[in-house]
Ligand code: HEM
(Lines of atoms letter the chains of each structure in order from A and count residues from 1; the text may use other names and numbers.)
(Lines give C-alpha, C1' and ligand atoms only; values in the text may rest on other atoms or scores of the structure.)
Protein backbone atom coordinates (compact mmCIF):
# COMPACT_ATOMS: atom_id res chain seq x y z
CA UNK A 1 0.00 0.00 0.00
CA UNK A 2 2.80 2.36 0.94
CA UNK A 3 4.43 1.80 -2.48
CA UNK A 4 1.13 2.59 -4.17
CA UNK A 5 0.61 5.86 -2.33
CA UNK A 6 4.11 7.07 -3.02
CA UNK A 7 3.77 6.05 -6.67
CA UNK A 8 0.54 8.02 -7.14
CA UNK A 9 2.22 11.08 -5.58
CA UNK A 10 5.18 10.72 -7.92
CA UNK A 11 2.88 10.17 -10.88
CA UNK A 12 1.15 13.48 -10.20
CA UNK A 13 4.48 15.30 -9.87
CA UNK A 14 5.78 13.80 -13.11
CA UNK A 15 2.63 14.81 -14.99
CA UNK A 16 3.04 18.46 -14.08
CA UNK A 17 6.54 18.75 -15.53
CA UNK A 18 6.16 16.71 -18.64
CA UNK A 19 6.39 18.15 -22.14
CA UNK A 20 3.74 15.67 -23.37
CA UNK A 21 0.72 15.62 -21.09
CA UNK A 22 0.60 12.40 -19.12
CA UNK A 23 3.81 10.96 -20.49
CA UNK A 24 5.54 11.34 -17.15
CA UNK A 25 2.94 8.97 -15.76
CA UNK A 26 3.93 6.29 -18.22
CA UNK A 27 7.61 6.71 -17.60
CA UNK A 28 7.06 6.51 -13.87
CA UNK A 29 4.86 3.43 -14.13
CA UNK A 30 7.31 1.84 -16.56
CA UNK A 31 10.20 2.44 -14.20
CA UNK A 32 8.27 0.99 -11.28
CA UNK A 33 7.66 -2.24 -13.19
CA UNK A 34 11.29 -2.35 -14.22
CA UNK A 35 12.50 -1.72 -10.68
CA UNK A 36 10.50 -4.64 -9.37
CA UNK A 37 12.00 -6.85 -12.04
CA UNK A 38 15.51 -5.64 -11.24
CA UNK A 39 16.37 -5.32 -14.89
CA UNK A 40 18.26 -2.31 -16.26
CA UNK A 41 15.40 -0.05 -17.25
CA UNK A 42 17.23 1.82 -19.91
CA UNK A 43 19.52 -0.64 -21.58
CA UNK A 44 21.66 0.83 -24.33
CA UNK A 45 22.19 -0.94 -27.62
CA UNK A 46 25.11 -1.65 -29.97
CA UNK A 47 27.65 1.17 -30.41
CA UNK A 48 25.80 3.41 -27.94
CA UNK A 49 26.95 1.00 -25.22
CA UNK A 50 30.63 1.65 -25.89
CA UNK A 51 31.03 5.10 -27.41
CA UNK A 52 31.89 7.91 -25.00
CA UNK A 53 29.52 10.89 -25.12
CA UNK A 54 32.27 12.98 -26.73
CA UNK A 55 32.10 10.74 -29.82
CA UNK A 56 28.33 10.76 -30.17
CA UNK A 57 26.70 12.54 -33.10
CA UNK A 58 23.58 14.64 -32.35
CA UNK A 59 21.47 11.65 -33.50
CA UNK A 60 23.51 9.25 -31.35
CA UNK A 61 22.94 11.54 -28.36
CA UNK A 62 19.23 11.83 -29.07
CA UNK A 63 18.74 8.06 -29.40
CA UNK A 64 20.81 7.44 -26.27
CA UNK A 65 18.57 9.87 -24.37
CA UNK A 66 15.45 8.19 -25.81
CA UNK A 67 16.65 4.74 -24.75
CA UNK A 68 17.50 6.10 -21.31
CA UNK A 69 14.03 7.63 -21.03
CA UNK A 70 15.51 11.09 -20.58
CA UNK A 71 12.49 12.94 -21.88
CA UNK A 72 14.06 16.37 -21.87
CA UNK A 73 17.04 15.38 -24.02
CA UNK A 74 15.20 12.71 -25.97
CA UNK A 75 11.44 13.04 -26.43
CA UNK A 76 10.25 10.00 -28.40
CA UNK A 77 7.74 11.93 -30.48
CA UNK A 78 8.01 15.09 -32.55
CA UNK A 79 4.71 16.70 -33.48
CA UNK A 80 6.01 19.78 -35.27
CA UNK A 81 9.11 19.31 -37.43
CA UNK A 82 8.27 19.45 -41.13
CA UNK A 83 10.88 18.69 -43.76
CA UNK A 84 10.69 20.68 -46.99
CA UNK A 85 12.36 19.18 -50.03
CA UNK A 86 15.11 21.34 -51.57
CA UNK A 87 14.31 20.10 -55.10
CA UNK A 88 12.64 17.45 -57.27
CA UNK A 89 13.45 13.76 -56.74
CA UNK A 90 16.75 12.94 -58.45
CA UNK A 91 17.93 16.58 -58.59
CA UNK A 92 21.41 17.36 -57.20
CA UNK A 93 19.80 19.40 -54.39
CA UNK A 94 17.64 16.44 -53.40
CA UNK A 95 20.49 13.92 -53.64
CA UNK A 96 22.55 16.09 -51.30
CA UNK A 97 20.10 15.59 -48.41
CA UNK A 98 19.34 12.09 -47.05
CA UNK A 99 15.79 12.98 -45.99
CA UNK A 100 14.79 14.43 -49.38
CA UNK A 101 14.17 11.06 -51.05
CA UNK A 102 12.42 9.89 -47.87
CA UNK A 103 9.94 12.75 -48.14
CA UNK A 104 8.89 11.43 -51.55
CA UNK A 105 8.66 7.90 -50.12
CA UNK A 106 6.58 9.10 -47.16
CA UNK A 107 4.18 11.05 -49.37
CA UNK A 108 3.60 7.99 -51.57
CA UNK A 109 3.11 5.63 -48.61
CA UNK A 110 0.76 8.04 -46.84
CA UNK A 111 -1.65 7.99 -49.79
CA UNK A 112 -2.35 4.27 -49.28
CA UNK A 113 -2.22 4.24 -45.48
CA UNK A 114 -5.37 6.32 -44.96
CA UNK A 115 -8.79 5.38 -46.27
CA UNK A 116 -11.74 7.61 -47.26
CA UNK A 117 -13.21 7.35 -43.74
CA UNK A 118 -10.04 8.85 -42.26
CA UNK A 119 -9.23 5.51 -40.59
CA UNK A 120 -5.99 3.78 -41.51
CA UNK A 121 -5.92 0.88 -43.90
CA UNK A 122 -4.95 -2.77 -44.03
CA UNK A 123 -1.59 -1.78 -45.52
CA UNK A 124 -0.91 0.63 -42.66
CA UNK A 125 -1.68 -2.04 -40.05
CA UNK A 126 0.34 -4.54 -42.05
CA UNK A 127 3.48 -2.42 -42.11
CA UNK A 128 3.31 -1.68 -38.37
CA UNK A 129 3.24 -5.45 -37.76
CA UNK A 130 5.91 -5.97 -40.42
CA UNK A 131 8.19 -3.50 -38.60
CA UNK A 132 7.83 -5.66 -35.50
CA UNK A 133 8.32 -8.97 -37.33
CA UNK A 134 11.50 -7.76 -39.09
CA UNK A 135 13.16 -6.19 -36.02
CA UNK A 136 11.72 -8.51 -33.37
CA UNK A 137 13.75 -11.52 -34.49
CA UNK A 138 16.78 -10.04 -32.72
CA UNK A 139 18.04 -11.66 -29.52
CA UNK A 140 20.36 -10.00 -27.02
CA UNK A 141 21.74 -13.30 -25.80
CA UNK A 142 21.87 -15.30 -29.03
CA UNK A 143 22.47 -12.53 -31.62
CA UNK A 144 21.24 -12.61 -35.22
CA UNK A 145 18.10 -11.13 -36.73
CA UNK A 146 16.99 -7.54 -36.21
CA UNK A 147 15.80 -4.59 -38.30
CA UNK A 148 17.71 -5.58 -41.44
CA UNK A 149 15.05 -6.09 -44.10
CA UNK A 150 15.60 -9.85 -44.12
CA UNK A 151 11.87 -10.37 -43.68
CA UNK A 152 11.47 -9.49 -47.36
CA UNK A 153 14.99 -10.05 -48.68
CA UNK A 154 15.12 -13.60 -47.27
CA UNK A 155 11.43 -14.31 -47.92
CA UNK A 156 10.50 -14.90 -44.29
CA UNK A 157 6.87 -14.55 -45.31
CA UNK A 158 6.92 -18.33 -45.84
CA UNK A 159 7.01 -18.86 -42.03
CA UNK A 160 3.76 -19.59 -40.15
CA UNK A 161 4.53 -16.75 -37.66
CA UNK A 162 4.12 -14.29 -40.47
CA UNK A 163 0.74 -15.27 -41.84
CA UNK A 164 -1.31 -12.22 -42.64
CA UNK A 165 1.63 -10.18 -43.91
CA UNK A 166 1.39 -11.37 -47.55
CA UNK A 167 -0.27 -8.22 -48.88
CA UNK A 168 2.16 -5.75 -47.32
CA UNK A 169 5.08 -7.98 -48.39
CA UNK A 170 4.05 -7.67 -52.05
CA UNK A 171 3.61 -3.91 -51.78
CA UNK A 172 6.91 -3.52 -49.92
CA UNK A 173 8.70 -5.42 -52.70
CA UNK A 174 7.24 -2.98 -55.24
CA UNK A 175 8.31 -0.02 -53.12
CA UNK A 176 11.82 -1.45 -52.82
CA UNK A 177 12.04 -1.93 -56.60
CA UNK A 178 11.01 1.67 -57.07
CA UNK A 179 12.98 3.39 -54.27
CA UNK A 180 16.15 1.31 -53.94
CA UNK A 181 17.65 2.99 -57.02
CA UNK A 182 17.20 6.31 -55.23
CA UNK A 183 19.08 4.98 -52.20
CA UNK A 184 16.39 3.46 -49.96
CA UNK A 185 17.30 0.24 -48.15
CA UNK A 186 14.74 -2.45 -47.32
CA UNK A 187 15.24 -2.24 -43.54
CA UNK A 188 14.65 1.52 -43.60
CA UNK A 189 11.64 1.22 -45.92
CA UNK A 190 10.06 -1.19 -43.44
CA UNK A 191 10.77 0.87 -40.32
CA UNK A 192 9.96 4.22 -41.94
CA UNK A 193 6.81 2.55 -43.31
CA UNK A 194 5.84 1.58 -39.76
CA UNK A 195 6.15 5.09 -38.35
CA UNK A 196 4.52 6.71 -41.40
CA UNK A 197 1.66 4.22 -40.97
CA UNK A 198 1.27 4.80 -37.23
CA UNK A 199 0.84 8.55 -37.69
CA UNK A 200 -1.49 7.96 -40.65
CA UNK A 201 -3.95 6.33 -38.25
CA UNK A 202 -6.11 8.98 -36.57
CA UNK A 203 -4.73 9.78 -33.08
CA UNK A 204 -1.57 7.84 -33.97
CA UNK A 205 1.82 8.83 -32.53
CA UNK A 206 4.39 10.80 -34.54
CA UNK A 207 7.39 8.70 -33.57
CA UNK A 208 10.89 10.01 -34.21
CA UNK A 209 12.20 8.17 -37.25
CA UNK A 210 15.73 7.33 -38.33
CA UNK A 211 17.34 5.91 -41.49
CA UNK A 212 20.69 4.32 -42.34
CA UNK A 213 20.23 0.67 -41.31
CA UNK A 214 22.16 -2.05 -43.15
CA UNK A 215 20.22 -4.63 -45.16
CA UNK A 216 20.74 -8.38 -44.95
CA UNK A 217 19.41 -11.24 -47.00
CA UNK A 218 20.47 -13.81 -44.39
CA UNK A 219 17.29 -15.31 -42.92
CA UNK A 220 16.80 -14.36 -39.29
CA UNK A 221 16.70 -17.21 -36.75
CA UNK A 222 13.25 -18.76 -36.39
CA UNK A 223 11.14 -19.06 -33.24
CA UNK A 224 11.83 -15.59 -31.88
CA UNK A 225 8.41 -14.03 -32.39
CA UNK A 226 5.62 -14.35 -29.84
CA UNK A 227 2.64 -16.66 -30.11
CA UNK A 228 -0.81 -15.98 -28.77
CA UNK A 229 -0.85 -19.18 -26.72
CA UNK A 230 2.25 -18.27 -24.69
CA UNK A 231 1.62 -17.28 -21.08
CA UNK A 232 2.58 -13.90 -19.69
CA UNK A 233 5.84 -15.05 -18.09
CA UNK A 234 7.00 -16.62 -21.36
CA UNK A 235 6.11 -13.46 -23.30
CA UNK A 236 7.86 -11.24 -20.76
CA UNK A 237 11.01 -13.39 -20.95
CA UNK A 238 10.91 -13.42 -24.77
CA UNK A 239 10.75 -9.62 -24.95
CA UNK A 240 13.31 -9.11 -22.17
CA UNK A 241 15.74 -10.97 -24.42
CA UNK A 242 15.15 -8.11 -26.88
CA UNK A 243 15.81 -5.51 -24.10
CA UNK A 244 12.08 -4.77 -24.04
CA UNK A 245 10.82 -4.89 -20.47
CA UNK A 246 7.29 -5.71 -19.37
CA UNK A 247 5.97 -2.14 -19.30
CA UNK A 248 7.39 -1.50 -22.75
CA UNK A 249 5.76 -4.69 -24.06
CA UNK A 250 2.42 -3.45 -22.71
CA UNK A 251 2.95 -0.20 -24.58
CA UNK A 252 3.78 -2.04 -27.84
CA UNK A 253 0.76 -4.34 -27.55
CA UNK A 254 -1.36 -1.22 -27.87
CA UNK A 255 -0.71 -1.44 -31.64
CA UNK A 256 -3.56 -3.97 -31.57
CA UNK A 257 -5.83 -0.96 -31.13
CA UNK A 258 -5.91 -0.66 -34.93
CA UNK A 259 -5.91 -4.31 -35.92
CA UNK A 260 -8.34 -6.85 -37.38
CA UNK A 261 -7.28 -10.48 -37.12
CA UNK A 262 -7.67 -12.92 -40.00
CA UNK A 263 -5.68 -16.06 -39.21
CA UNK A 264 -5.89 -16.44 -35.44
CA UNK A 265 -9.48 -17.60 -35.93
CA UNK A 266 -10.33 -17.78 -39.64
CA UNK A 267 -14.01 -18.32 -38.80
CA UNK A 268 -13.96 -14.76 -37.47
CA UNK A 269 -11.65 -13.24 -40.10
CA UNK A 270 -11.89 -9.46 -40.11
CA UNK A 271 -12.90 -9.12 -36.47
CA UNK A 272 -11.11 -6.26 -34.71
CA UNK A 273 -9.20 -6.25 -31.42
CA UNK A 274 -11.16 -3.28 -30.11
CA UNK A 275 -14.31 -1.44 -31.11
CA UNK A 276 -12.48 1.20 -33.15
CA UNK A 277 -10.27 -0.59 -35.72
CA UNK A 278 -8.13 1.74 -37.78
CA UNK A 279 -8.09 4.39 -35.02
CA UNK A 280 -5.02 4.63 -32.74
CA UNK A 281 -6.97 5.33 -29.55
CA UNK A 282 -6.53 3.56 -26.20
CA UNK A 283 -9.77 1.54 -26.29
CA UNK A 284 -7.81 -1.68 -26.82
CA UNK A 285 -6.66 -1.53 -23.19
CA UNK A 286 -9.99 -1.34 -21.31
CA UNK A 287 -11.74 -3.58 -23.84
CA UNK A 288 -9.15 -6.36 -23.45
CA UNK A 289 -10.03 -6.62 -19.75
CA UNK A 290 -13.76 -5.88 -20.00
CA UNK A 291 -16.49 -8.54 -19.98
CA UNK A 292 -18.84 -6.21 -21.84
CA UNK A 293 -17.20 -5.63 -25.20
CA UNK A 294 -19.21 -5.79 -28.44
CA UNK A 295 -19.42 -9.39 -29.58
CA UNK A 296 -17.21 -8.99 -32.65
CA UNK A 297 -14.26 -7.67 -30.65
CA UNK A 298 -11.81 -10.55 -30.77
CA UNK A 299 -9.28 -10.70 -27.93
CA UNK A 300 -5.95 -12.45 -28.37
CA UNK A 301 -5.20 -14.82 -25.49
CA UNK A 302 -1.73 -13.27 -25.26
CA UNK A 303 -3.18 -9.77 -24.75
CA UNK A 304 -5.54 -11.04 -22.06
CA UNK A 305 -2.82 -12.94 -20.21
CA UNK A 306 -0.55 -9.90 -20.30
CA UNK A 307 -3.36 -7.66 -19.04
CA UNK A 308 -4.11 -10.03 -16.17
CA UNK A 309 -0.51 -10.39 -15.04
CA UNK A 310 -0.22 -8.81 -11.57
CA UNK A 311 2.73 -6.60 -12.51
CA UNK A 312 0.90 -5.30 -15.60
CA UNK A 313 -2.07 -3.88 -13.83
CA UNK A 314 -0.91 -0.42 -12.85
CA UNK A 315 0.21 0.48 -16.36
CA UNK A 316 -2.77 -1.28 -18.01
CA UNK A 317 -5.13 0.73 -15.80
CA UNK A 318 -3.31 3.96 -16.60
CA UNK A 319 -3.50 3.36 -20.36
CA UNK A 320 -7.19 2.42 -20.02
CA UNK A 321 -8.08 5.73 -18.38
CA UNK A 322 -9.99 7.83 -20.95
CA UNK A 323 -8.54 11.05 -19.48
CA UNK A 324 -4.93 10.13 -18.72
CA UNK A 325 -4.49 7.10 -21.00
CA UNK A 326 -4.13 8.81 -24.38
CA UNK A 327 -1.39 11.18 -23.20
CA UNK A 328 0.31 8.59 -21.02
CA UNK A 329 0.78 6.02 -23.74
CA UNK A 330 4.28 7.11 -24.72
CA UNK A 331 5.91 5.50 -27.70
CA UNK A 332 9.51 5.22 -26.49
CA UNK A 333 9.62 1.52 -27.22
CA UNK A 334 8.89 1.82 -30.93
CA UNK A 335 12.26 3.50 -31.37
CA UNK A 336 14.02 0.77 -29.40
CA UNK A 337 12.23 -1.86 -31.48
CA UNK A 338 13.08 -0.16 -34.76
CA UNK A 339 16.84 -0.25 -34.11
CA UNK A 340 17.25 -3.75 -32.66
CA UNK A 341 20.24 -5.41 -34.30
CA UNK A 342 21.52 -2.14 -35.85
CA UNK A 343 25.25 -1.95 -35.09
CA UNK A 344 25.98 1.68 -35.92
CA UNK A 345 23.17 3.63 -34.29
CA UNK A 346 25.47 6.65 -33.94
CA UNK A 347 25.56 7.03 -37.74
CA UNK A 348 21.81 7.02 -38.33
CA UNK A 349 20.12 10.11 -39.75
CA UNK A 350 16.88 11.52 -38.36
CA UNK A 351 14.10 12.10 -40.93
CA UNK A 352 11.06 12.57 -38.66
CA UNK A 353 10.17 15.74 -40.57
CA UNK A 354 9.06 13.71 -43.61
CA UNK A 355 6.21 12.06 -41.68
CA UNK A 356 2.63 13.29 -42.13
CA UNK A 357 1.40 15.47 -39.27
CA UNK A 358 -0.56 13.82 -36.50
CA UNK A 359 -4.37 13.82 -36.58
CA UNK A 360 -5.21 14.63 -32.98
CA UNK A 361 -9.04 14.67 -33.22
CA UNK A 362 -11.19 12.10 -34.92
CA UNK A 363 -14.93 11.55 -35.05
CA UNK A 364 -16.15 8.79 -37.29
CA UNK A 365 -19.04 9.63 -39.60
CA UNK A 366 -20.39 6.09 -39.52
CA UNK A 367 -20.61 5.41 -35.80
CA UNK A 368 -24.09 3.87 -36.02
CA UNK A 369 -23.08 1.49 -38.80
CA UNK A 370 -19.91 0.57 -36.90
CA UNK A 371 -21.89 -0.20 -33.76
CA UNK A 372 -24.31 -2.43 -35.62
CA UNK A 373 -21.41 -4.26 -37.30
CA UNK A 374 -19.74 -4.83 -33.93
CA UNK A 375 -22.90 -6.37 -32.50
CA UNK A 376 -23.64 -8.45 -35.60
CA UNK A 377 -23.13 -12.17 -35.85
CA UNK A 378 -19.59 -13.03 -36.95
CA UNK A 379 -19.33 -13.78 -40.64
CA UNK A 380 -15.78 -14.17 -41.91
CA UNK A 381 -14.74 -11.21 -43.98
CA UNK A 382 -18.20 -9.68 -44.14
CA UNK A 383 -18.60 -6.68 -46.41
CA UNK A 384 -18.27 -4.37 -43.39
CA UNK A 385 -15.06 -6.08 -42.21
CA UNK A 386 -13.52 -5.60 -45.65
CA UNK A 387 -14.57 -1.94 -45.72
CA UNK A 388 -12.99 -1.44 -42.29
CA UNK A 389 -9.79 -3.09 -43.49
CA UNK A 390 -9.63 -0.62 -46.35
CA UNK A 391 -10.48 2.36 -44.17
CA UNK A 392 -13.72 2.94 -46.08
CA UNK A 393 -16.89 4.48 -44.70
CA UNK A 394 -19.33 1.74 -43.63
C1 HEM B 1 2.71 -10.86 -27.43
C2 HEM B 1 3.03 -10.28 -28.55
C3 HEM B 1 2.19 -10.32 -29.79
C4 HEM B 1 1.42 -11.34 -30.30
C5 HEM B 1 1.23 -12.73 -29.74
C6 HEM B 1 0.77 -10.83 -31.48
C7 HEM B 1 -0.08 -11.54 -32.30
C8 HEM B 1 -0.79 -11.02 -33.36
C9 HEM B 1 -1.74 -11.75 -34.17
C10 HEM B 1 -2.11 -13.21 -33.98
C11 HEM B 1 -2.25 -10.89 -35.08
C12 HEM B 1 -3.33 -11.19 -36.13
C13 HEM B 1 -2.71 -11.59 -37.45
C14 HEM B 1 -3.80 -11.98 -38.43
O15 HEM B 1 -4.56 -12.89 -38.11
O16 HEM B 1 -3.89 -11.34 -39.51
C17 HEM B 1 -1.62 -9.62 -34.86
C18 HEM B 1 -1.89 -8.49 -35.59
C19 HEM B 1 -1.22 -7.31 -35.44
N20 HEM B 1 -0.16 -7.07 -34.57
FE21 HEM B 1 0.46 -8.28 -33.09
N22 HEM B 1 1.19 -9.54 -31.69
C23 HEM B 1 2.06 -9.20 -30.68
C24 HEM B 1 2.73 -8.02 -30.55
C25 HEM B 1 2.68 -7.00 -31.47
C26 HEM B 1 3.55 -5.86 -31.46
C27 HEM B 1 4.70 -5.66 -30.50
C28 HEM B 1 3.16 -5.06 -32.50
C29 HEM B 1 3.71 -3.75 -32.99
C30 HEM B 1 4.70 -3.13 -32.54
C31 HEM B 1 2.02 -5.70 -33.12
C32 HEM B 1 1.31 -5.17 -34.16
C33 HEM B 1 0.25 -5.79 -34.78
C34 HEM B 1 -0.58 -5.16 -35.79
C35 HEM B 1 -0.48 -3.71 -36.27
C36 HEM B 1 -1.48 -6.12 -36.21
C37 HEM B 1 -2.57 -5.97 -37.28
C38 HEM B 1 -2.02 -6.48 -38.59
C39 HEM B 1 -3.02 -6.43 -39.70
O40 HEM B 1 -4.13 -5.90 -39.51
O41 HEM B 1 -2.67 -6.92 -40.79
N42 HEM B 1 1.79 -6.88 -32.48
N43 HEM B 1 -0.72 -9.73 -33.82
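Keep in mind that glycine also has a Cβ here, set from the backbone N, Cα and C atoms.
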For the Ca(2+) 2 site, TrEMBL lists 274, 276, 281; sort out which one of 257, 289 goes with them. 257
Please identify which of 134, 161 is recorded by TrEMBL as part of the Ca(2+) 1 site containing 146, 148, 150. 134
Contacting recorded positions for ligand 1, chosen from 129, 133, 201, 274, 281 when the Cβ sits under 6 angstroms of any of its atoms: 129
Fewest Cβ neighbours within 10 Å, where candidates are the recorded positions 129, 256: 129
Let's see if you can do this one: DSSP helix, strand and coil counts over the domain 'Plant heme peroxidase family profile' (123-258), in that order. 76 helix, 3 strand, 57 coil
Which value does the mean pLDDT take for the domain 'Plant heme peroxidase family profile' (123-258) in this predicted structure? 97
If I take the alpha carbons of residue 351 (disulfide bond) and residue 148 (Ca(2+) 1 binding site), what is the distance between them in whole Å? 18
